[in-house]
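In what follows, a single structure is set out as structure tokens and then discussed.
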Amino acid sequence: MINTSMGEIGDEMCALRLRHAALERNKRCLLAYLWHRLQHVKQMRWEFGSILPPDIKNNLSDSEIEWFTQYNRNLAVYMKSIGSDGLNLALDMKPPKSLYIEVRCLQDHGKLEMDDGEVLYLKKNNQYLMARAQCEPLIRQGILEQIVR
């Protein structure tokens, strides 16, 4: 027969409750951290578009990359469901100051067909005057950079 006093049982219960409370707190902190990271991943979708730069993608876990991919799919399905031709919510995130902007090509990209049917050959270090809506996705991907004067 084990001989324990009520005081020893009370001490053990107190220690057990304290340990459980600490574990619950750690769990809440980890969940808050993961939620915060997912909010940043979601924000990056709107900043960079559907393709993340390699340096950022290398810093994400496999689960975060999978979540980003699924978020892209869900967003694409939603945007296609709006109206008859769909609606790209990623365009014109800020109101444009002008409809055309001057850009410089940072890497050879090849052919780019414009909305009006004109075909541009994007070559490294060449400068172009392009419609803002056409070049914003390429700027986000790092193919073009806006020339600010």
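A Cβ is built for glycine as well, from the same backbone N, Cα and C atoms used for every other residue.
Annotated features, as they stand in TrEMBL:
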DOMAIN    14-82  domain 'GINS subunit'
DOMAIN    97-148  domain 'DNA replication complex GINS protein PSF1 C-terminal'
Secondary structure content, the domain 'GINS subunit' (14-82) (per DSSP, counts of residues): 59 helix, 0 strand, 10 coil
Counts of helix, strand and coil residues, the domain 'DNA replication complex GINS protein PSF1 C-terminal' (97-148), according to DSSP: 9 helix, 22 strand, 21 coil
Averaged pLDDT score, the domain 'GINS subunit' (14-82): 94
